[in-house]
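To start, the structure itself, in structure tokens.
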Amino acid sequence: MTHADGQTGLSDAGRAWSRVRANLRLSAGARLFDQWLAPMSLVEPCDGEDVRLALPSAFMTDWVRNHYAERLVHEFRALLPRVRSVTIETRRATPAPEVLTIAVPAPVAARPAAVAAPLLDLVAATPAVRPPVSEPASFIERPQLDPRYTFDRFVADPSNLVALNAARALAEPGPVRFSPLFIHGGTGQGKSHLMHAIGHAFLDARPDARVLCMSAERFMFDFVAAMRARDTHAFKSRLRGCDLLLIDDLQFIAGKDATQEEFFHTINEIMAAGKRLVISADRAPQALDGVETRILGRMSAGLVADVKMSTLELRRAVLAQRLAELPDAIVPAEVVDMIACRIASSIREVEGALNRVVAYASLTGEVIDLSFAQSVLGDTLRGAQRRVTIDEIQKLVSEHFDIKQIDLLSARRARAVARPRQIAMYLAKRMTTRSLPEIGRKFGGRDHSTVIHAVRRIEELRDTDRDVDGAVRTLIHQLEA
Ligand SMILES: Nc1ncnc2c1ncn2[C@@H]1O[C@H](COP(=O)(O)OP(=O)(O)OP(=O)(O)O)[C@@H](O)[C@H]1O
């Protein structure tokens with residue numbers, strides 16, 4: 001219930017918001033506060049449980065969400081303990097509100113939670129940030145699922161097909177398939193998106209199911225907090241009572257022995273009860289140093305699937321999809337293509353680049369063209385621009401393996417030469433925009449199928465052979481420096 005203050009006319013949430021703002025100003029400092037936080041306003045009416053805050057641009061929304069989402073929940077809850085969630089959304093200041101209502105495209109509209117916020121800006125829409133822990137054991141979890149991360153919004157591509165199909169199968173009601181599912185891959189390649197999509201699909205089919213989604217880091221914090229409070233019972237029943245448990249970024253518990261002990265028992269119980277389990281990490285189980293073998297063994301008993309570095313086609317398709325969600329934005333094809341080609345590191349960065357261009361154009365009123373986009377994305381492009389050449393790759397690989405560069409181009413098949421050659425081809429595919437035939441030509445006139453074979457082989461070896469994975473990581477690091 002909202003109570004209005006007789007003297008100030010403010011609701012409980014309104015008064016809490018004034019205090020939260022004052023606290024933020026003190027802790028963030030005037031400059032940061034004025035730039036990012038001052039433009040934020042409370043969306044009224046507010047029932048004091050689900051708080052909504054609005055910012056005038058998607059860009060700002062993104063920034064505040066990344067840096068202040070959890071903080072805002074804590075600040076509000078300290079003043080108003082009944083606050084359940086804080087949602088940060090985009091609401092453009094002018095013109096009048098009806099212009100602000102962005103059509104919610106069909107796929108996302110299927111989820112009522114996402115539609116509930118009428119001014120939802122799909123690019124920057126922020127999931128409600130739920131309070132972290134300590135719900136009573138009987139509470140049916142409302143999982144921390146990002147409303148944007150659904151299967152409908154996940155673009156299928158050869159680089160993610162196995163993981164996507166396994167994720168879909170695991171989310172289907174009925175017999176449990178492909179559980180535990182272990183999804184691994186580089187940063188920003190869609191692991192969390194897939195996990196959340198599983199959660200959404202599973203809840204769509206079984207709305208009363210207990211689904212819990214958390215990072216391994218959160219698992220550790222909650223567990224440590226429960227131990228400190230000498231009350232691990234609620235923690236255990238909360239985790240172990242799940243129908244679907246989704247744990248992101250497993251690598252965080254590497255080396256944390258007590259947490260791993262608890263984690264092992266948790267996944268054991270989930271699996272023994274025939275419930276579903278999905279885990280993600282930034283590398284394959286075999287390469288997760290510092291994580292107990294018995295945990296990794298459990299993972300390997302299920303399906304291990306990777307999401308590989310995005311292809312150019314995938315980046316193009318994701319951008320096209322995101323643009324379709326921004327009917328007001330006019331972004332020429334050459335700008336889209338420039339972003340897809342020049343930013344190859346992570347899809348998160350690709351999306352971020354598009355958002356930034358659109359946000360700047362809406363703030364400055366400028367028309368988007370190639371030079372506008374390039375000036376907005378200056379630093380990002382300069383970072384991404386560090387153009388690696390095939391020659392550079394060959395030089396570095398030959399130095400690393402202490403062979404002659406010419407050997408990489410030769411017909412020699414000895415493993416001491418063949419493996420580095422495959423690694424060099426893999427890096428050329430991954431770190432340059434050269435096509436397969438072009439790469440083949442640069443390696444002594446080889447066929448494009450040889451390059452494909454090399455890329456696949458190294459991808460496989462990176463999952464199973466630490467030495468190869470380690471060498472590739474070092475080389476990538478050096479090439480990116
Ligand atoms: N195949 C895809 N289709 C559509 N969107 C994608 C796809 N892959 C990634 N994305 C988008 O890219 C962004 C980053 O994805 P996500 O957060 O899932 O990456 P991640 O692999 O979990 O990264 P990290 O390990 O850094 O957490 C998200 O906005 C996600 O929606």
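All positions are counted from 1 along the displayed chain.
Heads up, the Cβ atoms here are built off N, Cα and C, so glycines get one too.
The feature region 'Domain I, interacts with DnaA modulators' is assigned by TrEMBL to 1-97. For the region 'Domain I, interacts with DnaA modulators' (1-97), the model gives a mean pLDDT of 75.
Per TrEMBL, the feature domain 'AAA+ ATPase' maps to 177-306.
What TrEMBL lists as ATP binding site is Gly188, Gly190, Lys191, Ser192. Classification of Ser192 (ATP binding site) by DSSP places it within a helix. A C-beta separation below 8 Å, combined with a sequence spacing of at least six in one chain, links Ser192 (ATP binding site) to Asp146, Tyr149, Asp248, Ser280.
Positions annotated as region 'Domain IV, binds dsDNA' by TrEMBL: 362-481.
Across the domain 'Chromosomal replication initiator DnaA C-terminal' (389-458), DSSP classifies residues as 52 helix, 0 strand, 18 coil. The domain 'Chromosomal replication initiator DnaA C-terminal' annotation in TrEMBL covers 389-458.
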Highest CB neighbour count within 10 A among the binding-site residues Gly188, Gly190?
-> Gly190
Around the ATP site (Gly188, Gly190, Lys191, Ser192), what further same-chain residues have their C-beta within 8 angstroms of the site's C-beta centre?
-> Gly185, Thr187, Gln189, His193, Leu194, Ser280, Val307, Ile347, Arg348
What are the DSSP helix/strand/coil residue counts across the domain 'AAA+ ATPase' (177-306)?
-> 67 helix, 25 strand, 38 coil
Specify the count of other C-beta atoms within 10 Å of the C-beta of Lys191 (ATP binding site).
-> 24
